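Student: Quick paste from TrEMBL:
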{"type": "BINDING", "residues": "36, 37, 38, 39, 40, 41, 42, 43", "note": "ATP binding site"}
{"type": "DOMAIN", "residues": "1-334", "note": "domain 'Kinesin motor'"}
{"type": "REGION", "residues": "188-229", "note": "region 'Disordered'"}
{"type": "REGION", "residues": "333-355", "note": "region 'Disordered'"}
């Protein structure tokens, strides 16, 4: 738990995200999520200042760019330090708008303005995925951010009395990293090459402590008689949630009023899921919303999850601030056990089945 004051720089905030990128390269699933009311600074935290041209890379040391462009640059910096594992990076971008999922990278000229509607599916291994989701391979941070800029242009927005450029959908950027698996005998030499010596030694000590506390040890790489290279696939999800709203304050009407209702219901469903997880209930209501169904793996699975809570200092928004703090308390109370590395595989995913 850490509190950032209004004078804290974006660089300082990103400092808490950096270790998670190392975990991603080590084979862990990771999710970074920004939650808060409309106008509280979620999109600023995740993306940076609003600009029609979008984030520019490489970063200036004093830049106000947010977590997503900084993540893109840091990820490819880490990858460049150990190219021997043949890393492959793929990106997909969706928005959850009015409880529907839209693919913002789909190449469909008929639906080029709003994206293509998709459904959540369950893969053979039990993971939740979006059926027929478009993804693109990227080889640089600038290419990744180019895709993000294109997706942002399609994201649903509507002005309100609280925010002139209010996002009306939840934005989810998924970065899938596929790397060659390291065998147990070479894990320390090859896999730890992405970090400086002092960080590597600290990481080994941390892994030793986690193992002694019951964490899952890395799984051995099985032999492959066909001679195919074993691979590890890990996912990074960057989530810019739509803001919760008080209708009386935001002044929305018509279609915007429906958007607000859908946003608030989906955020309430997210809070319900966290509440069920924190209380260890036998049933967790993931499917009460497409947002929670889509994020099921990172909420209740074995991913490393970081929630950034954005609140307003204004007395006018006290009720929404208290609601946001309540959400943060629920998130802090969730005890899911240790995160686990994705096991290596030499086979493609099985066929997916609809829920």
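Keep in mind that glycine also has a Cβ here, set from the backbone N, Cα and C atoms.
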Student: Name them in sequence order: residues not among 36, 37, 38, 39, 40, 41, 42, 43 whose Cβ is within 8 Å of the mean position of the Cβ atoms defining the ATP site.
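Tutor: So the extra residues in range turn out to be 163, 243, 310, 312.
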Student: Which Cβ among the binding-site residues (36, 39, 41) has the fewest C-beta neighbours inside 10 Å?
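Tutor: So among 36, 39, 41, the binding-site residues given, the one with the fewest Cβ atoms within 10 Å is 41.
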Student: In sequence order, which same-chain residues at least six apart have a C-beta under 8 angstroms from residue 43 (ATP binding site)?
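Tutor: Non-local contacts for residue 43 (ATP binding site): 34, 50, 66, 167, 240.
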Student: Can you work out the mean pLDDT of the predicted model over the domain 'Kinesin motor' (1-334)?
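Tutor: It averages 82.
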Student: Given a separation of at least six residues and a C-beta threshold under 8 Å, show me what packs close to residue 42 (ATP binding site) in the same chain.
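Tutor: Result: 34, 35, 36, 240, 241, 243, 308, 310.
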Student: For residue 38 (ATP binding site), which residues in the same chain are close in space, meaning a Cβ under 8 Å from its Cβ, but six or more apart along the sequence?
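Tutor: Non-local contacts for residue 38 (ATP binding site): 160, 162, 163, 166, 242, 243, 244, 245, 250.
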